[in-house]
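Now, the feature entries from TrEMBL:
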DOMAIN    B:28-138  domain 'PurM-like N-terminal'
BINDING   B:D30, B:D75, B:D211  Mg(2+) 3 binding site
BINDING   B:D30, B:S45, B:D75  Mg(2+) 4 binding site
BINDING   B:T46, B:D47, B:D122  Mg(2+) 1 binding site
BINDING   B:D47, B:D75  Mg(2+) 2 binding site
BINDING   B:H54, B:D262, B:Y314  substrate binding site
BINDING   B:G121, B:D122, B:R146, B:S213  ATP binding site
BINDING   B:D214  Mg(2+) 5 binding site
There are 2 protein chains.
Amino acid sequence: MGEFELIRHYFAAASCAQVGEGVALGIGDDCALLDLPAGEQLAVSTDTLVSGVHFPDSADPFLLGQRALGVSVSDLAAMGATPIGFTLALTLPTAEPTWLQAFAAGLDQMARQCALSLIGGDTTRGPLSLTLTVFGRVPRGLALTRTGAQIGDLLCVGGDLGAAAGALPLVLGQRQAAAEIAEPLLARYWSPQPQLALGQALRGKATAALDISDGLLADCGHIAAASGVALMVEQARLPLSAALLALLGEDAARHCALSGGDDYRLAFTLPAEHLAELQAAGWSLHVIGRAEAGHGVQLLDHRGQCITPPARGYQHFGNPSD
Amino acid sequence: MGEFELIRHYFAAASCAQVGEGVALGIGDDCALLDLPAGEQLAVSTDTLVSGVHFPDSADPFLLGQRALGVSVSDLAAMGATPIGFTLALTLPTAEPTWLQAFAAGLDQMARQCALSLIGGDTTRGPLSLTLTVFGRVPRGLALTRTGAQIGDLLCVGGDLGAAAGALPLVLGQRQAAAEIAEPLLARYWSPQPQLALGQALRGKATAALDISDGLLADCGHIAAASGVALMVEQARLPLSAALLALLGEDAARHCALSGGDDYRLAFTLPAEHLAELQAAGWSLHVIGRAEAGHGVQLLDHRGQCITPPARGYQHFGNPSD
């Protein structure tokens, strides 16, 4: 058995490769087979992460596995889908057992957290890169797309913003911070938490949604363009993480929240009548603006005047959509 | 719009990206959405091709696109599935318009031939590699797996073998041949023809199946191991292509057929009672052996004596499972 064949057996034995709900046939044949309940649709998304482009060459393999899967599953959350499984195409220069064990453990941890199974993949020799394809299910007609925002809808996000972008100088070893500041920021970078339950709760309520990967303003631009509306973002209402404020101060923290990317929070438009209902159900939603007639994204100051958003400025690794 | 964003728009406009049957939502949102008819299962397979490992750096981009998709769709054929769509994760050092146009055209040609749509993907910067994930549908319980071969079944292949392996010295420019020999061999390498209709015809009849990518003997070994039988291959019954015989002579041609790989013909086990029925329906099947009690794969000479198969010897690029 060759070195790469050993790796395949190694991954096939991982707990995330145990056949889960909706998986009729997992790893080991020409294809995996998935069952889909009647009345549901399959949601599919593919992301590639390249070493030196999307993560540092020296990235901790456990954290890399965790992050790679979290980032991909976030696309399922953005559609309101329930995860089923994923495939992993792993390209490696060499099969290094310590690295692989840690990588698989990180992947496994995120897979268990999000309740999805490794259903297949491919292992090849070459420069380090990962392509994950994730599969979920969503009731027919209830998937959250980017196209339905209506004039008058509230613009909301599912949690505080900017922490992952603020963590980048720490990730790259360019900056130090006290543990109580560094740890929550690094956790947001390395262990993105796909907002799966929130996405599912928004089915039939939110009119448009996506997960923030490119930065709030850029991603709101995708909703605005797809829906044919303008989105007004009120700068004063941006939720900023306490650790980020402590590290950078308010101006730079706001910059990270607007343009930094890698948040993997949901951003969505919501008819106002659903807000109280969702809040009563315990969802901590942040209303940051509204949809109006027009196009594009406008940033508003505390008097409601348009201001020019800051250019995307912090050093960053590209996110998987680059 | 950045260079890579332009490419995404370019692929999104390709004819294979038009929303096809079974595709509820194609390119452009967080996920694609697929519909699956009641009573069917989804078949999924992922393959990565790395430049310099799985294809020459200088590969013609049209042929590369065609081959990459053909190789992936062959896994759907091996399950007896009907193609629905595919995702493409394309990593490129630079966005070179001429290369991309030709690559997309090759992909498009194979997509139209196999009736499947590009439903999503990712374009990233890095060393050239492609990861394709293909999706198909198959009636529940009728997928062709590797596990059902029974003692007494015939071992069959869906067409002649060895041509793609025999073409490699031509692909690599290490050998010349007259056009009437070179062309059919190069076509078998660059334009693998997934045996989709045959796979579908074998549903409910073949007891085990796969597509030959690693070489006949190696792949028969997968069926033997998964099914718990021995497979006897009669060397004299191997179907060899005329062009391959003309190029290499019988011994070397047989070597390519047994060990060369890249054939993408189906190999399958079939209860004898189904053979006449399939042949009457017009399928050109080649019976090359049978399943017996035991394990592993045995090569038999014309007297039925076991002989040692030749070592895998021809220079080759790894196939996508390496």
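Every residue number used here counts from 1 along the chain in the order it is shown.
Using the three backbone atoms N, Cα and C, a Cβ is placed for every residue, glycine included.
Automated prediction, rather than curation, is the source of TrEMBL annotations.
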Cβ neighbour count within 10 Å of B:T46 (Mg(2+) 1 binding site): 27
Taking the Cβ of each of the binding-site residues and counting other Cβ atoms inside 10 Å, which one has the highest number: B:D30, B:D214? B:D30
Filter the binding-site residues B:R146, B:S213, B:D262 down to the ones with a Cβ under 8 Å from chain A's Cβ atoms, keeping sequence order. B:R146
Could you check the binding-site residues B:D75, B:D262 and say which one's CB has the most other CB atoms within 10 Å? B:D75
How long is the line from the C-alpha of B:T46 (Mg(2+) 1 binding site) to the C-alpha of B:D75 (Mg(2+) 3 binding site), rounded to the nearest angstrom? 9
Which binding-site residues (B:S45, B:D75, B:G121, B:D122, B:D262) fall within 10 Å of the residue listed as 'Mg(2+) 5 binding site' by Cα distance? B:D262
Which chain-mates of B:D211 (Mg(2+) 3 binding site) that are at least 6 residues away have a CB under 8 A from its CB, listed by sequence? B:S74, B:D75, B:A77, B:A78, B:P194, B:Q195, B:D219, B:D263, B:Y264, B:R265, B:L266, B:A267
Provide the three-state secondary structure of B:D75 (Mg(2+) 3 binding site) computed with DSSP. helix
When the Cα of B:D122 (Mg(2+) 1 binding site) is compared with the Cα of each of the binding-site residues B:S45, B:R146, B:S213, B:D262, which one is closest? B:S45
Taking only the binding-site residues B:D30, B:S45, B:D47, B:D262, which one has a CA atom nearest to the CA atom of B:S213 (ATP binding site)? B:D262
What kind of secondary structure is B:D30 (Mg(2+) 3 binding site) part of, going by DSSP in three states? coil
Between the Cα atoms of B:H54 (substrate binding site) and B:G121 (ATP binding site), find the distance and write it as a whole number of Å. 20
Per residue, counting other C-beta atoms within 10 angstroms of the C-beta, which of the binding-site residues B:S45, B:S213 reaches the highest number? B:S45
The rounded CA-CA distance in Å from B:D30 (Mg(2+) 3 binding site) to B:G121 (ATP binding site) is 10
Residue pair B:D262 (substrate binding site), B:D47 (Mg(2+) 1 binding site) - Cα distance, angstrom, rounded: 14
In the three-state scheme derived from DSSP, which category covers B:S213 (ATP binding site)? coil
